[in-house]
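These notes concern the structure reproduced below.
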Amino acid sequence: MKLQSLLVSAAVLTSLTENVNAWSPNNSYVPANVTCDDDINLVREASGLSDNETEWLKKRDAYTKEALHSFLNRATSNFSDTSLLSTLFGSNSSNMPKIAVACSGGGYRAMLSGAGMLAAMDNRTDGANEHGLGGLLQGATYLAGLSGGNWLTSTLAWNNWTSVQAIVDNTTESNSIWDISHSILTPDGINIFKTGSRWDDISDDVQDKKDAGFNISLADVWGRALAYNFWPSLHRGGVGYTWSTLREADVFKNGEMPFPITVADGRYPGTTVINLNATLFEFNPFEMGSWDPTLNAFTDVKYLGTNVTNGKPVNKGQCIAGFDNTGFITATSSTLFNQFLLRLNSTDLPSFIANLATDFLEDLSDNSDDIAIYAPNPFKEANFLQKNATSSIIESEYLFLVDGGEDNQNIPLVPLLQKERELDVIFALDNSADTDDYWPDGASLVNTYQRQFGSQGLNLSFPYVPDVNTFVNLGLNKKPTFFGCDARNLTDLEYIPPLIVYIPNSRHSFNGNQSTFKMSYSDSERLGMIKNGFEAATMGNFTDDSDFLGCVGCAIIRRKQQNLNATLPSECSQCFTNYCWNGTIDSRSVSGVGNDDYSSSASLSASAAAASASASASASASASASGSSTHKKNAGNALVNYSNLNTNTFIGVLSVISAVFGLI
């Protein structure tokens, strides 16, 4: 893989920075009052896609049609019969395949390895068209990220849809994106003055937010610190840069990029257990909310922070803007890393300083301030709950969100599985650290499969997958594997789900199994991780299988081919033999699997566990695995009112952080 040519302009933020009206009203980290329509209602029922997303899709479809057609022409260029493409890309737009890419969590490992995987799919990457899947990303409708994967997707999207190629080409420039040669704790290395100054600024930003009357948490600190790595060209890391700003960027407005989605989990304050029935939230440029029965609602992301009752501002005609800080939302999806800040005693800080800071930080965690606080609750009294769902979210004054992988669904698949989004195939990029050696073992797929049989999976479908032992014993965690290849075997599910192209992190030219908590990478390590990710997504630049490009093409067209009852290209039959999981189970116990970065134990109740993959998916589509009888269980855990937040402790920790890094 080559990553040499500068393929896009270095001025990646030009169109975004011109749209200053979409930024925080104060051009600072502090949300502010703005006028809004007297009759505005900020909350809607999750009964379908938003009007904004629906209109945006019309623009995106025009781009994906051309890009995907071009990609499939190249992928099937050696096929004996490609007449199906004429049908798929003819006048009937409903015949065109619709695809998405989902990037897993896993810290900088997931960000960098995932970057290589995306680079392999991006026709702006040098060599991607010759040795990779170039053009696939241009043909994608949705791009979802979670935790470290969200760092990747948000970096690209909120830098005016820059490319991994451009980031790599500008590595040596000042204010380069992803300059992680030093830990986020000591961003300027031995330059104690710059490091101290940055932490002073972060402390001031978060303190100002509190002084304005908003709840704060460690996620505010984490988000401000992250932002300097992802938006270094903006003033103080985009201190006033908002999530909704992307709406005003031409590259998004015109549908020239995929629709970005990030994922977070709801958490009950005072607990550390997040299970598969936790309420799963998504953020996109227009909205945030949940499809789950325990909320079943979305709100306008631009006006987060507004005090509402059933979507109506309490103060008529008055809203809040600027709460949707891009760094804060990015941090919300990765609050696992608050635990990194809580591990200061394992860093190279002088012990007396580390101990002092740790005391404050542990108090902060004990008071549940180590989560992201969305207050006032944007869904207060918004009663769109589905039948028998608990109402604790809408009864609370606060909404508490945590890392999107804490339910052990470390690949953000659930938003993409929604029937309303009509996806045919999802490329699931798995850079999880499930094994003792920090490789994935398929657990994320297993957990999403299981979720459909729990209380939150009433309207969810996911293809059959094996247990994690089978993943490892059959080597499915070391090479791309397709799941749900034959729709005829999936009819017992709620609906026919997208075909899943699973692409796990695996070793090719570099040891990509770095610790999630490795918080600094040299330039050579960064490039090595990206290069290895490229190779993992392409079967070693096609050296391991020269037919892999064509097989990816087969996966993309499969759902539409079956829907139309059209003839499958003969070459696809061999592809599916090579890459589709055929239902084989090998559940012999494997040591060192089933681990993850999260302290919680994501599980369903015993009855739902009985529908687990290892028990039910032994033959491609056993009717006994449909789980139809388990779809009616009571709703699971959700958030409840929790108002006793210890902000005094937090003020102390801000001062300590600033002092600590001024003394390094």
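Using N, Cα and C of the backbone, Cβ positions are placed for all residues, glycine too.
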Which residue among ASN541, ASN641 does Swiss-Prot mark as N-linked glycosylation site? ASN541
Within 10 Å of the Cβ of ASN541 (N-linked glycosylation site), how many other Cβ atoms can be counted across all chains shown? 19
The most crowded of the glycosylation sites ASN26, ASN33, ASN388, ASN459, judged by neighbouring Cβ atoms within 10 Å of its own Cβ, is ASN459
Structural state of ASN170 (N-linked glycosylation site), classified by DSSP into three states: coil
Neighbour tally for ASN565 (N-linked glycosylation site), based on other Cβ positions within 10 Å of its Cβ: 6
Which one is it: of the glycosylation sites ASN92, ASN388, ASN541, whose Cα lies the shortest distance from the Cα of ASN26 (N-linked glycosylation site)? ASN388
Select the closest residue to ASN388 (N-linked glycosylation site) from the following glycosylation sites, measuring between CA atoms: ASN33, ASN160, ASN170, ASN489, ASN582. ASN489
If you measure from the Cα of ASN170 (N-linked glycosylation site), which of the glycosylation sites ASN33, ASN92, ASN160, ASN459, ASN541 is the nearest? ASN160
ASN489 (N-linked glycosylation site) - helix vs strand vs coil (DSSP): helix
Rounded to an integer, what is the Cα-Cα distance in Å between ASN582 (N-linked glycosylation site) and ASN160 (N-linked glycosylation site)? 41
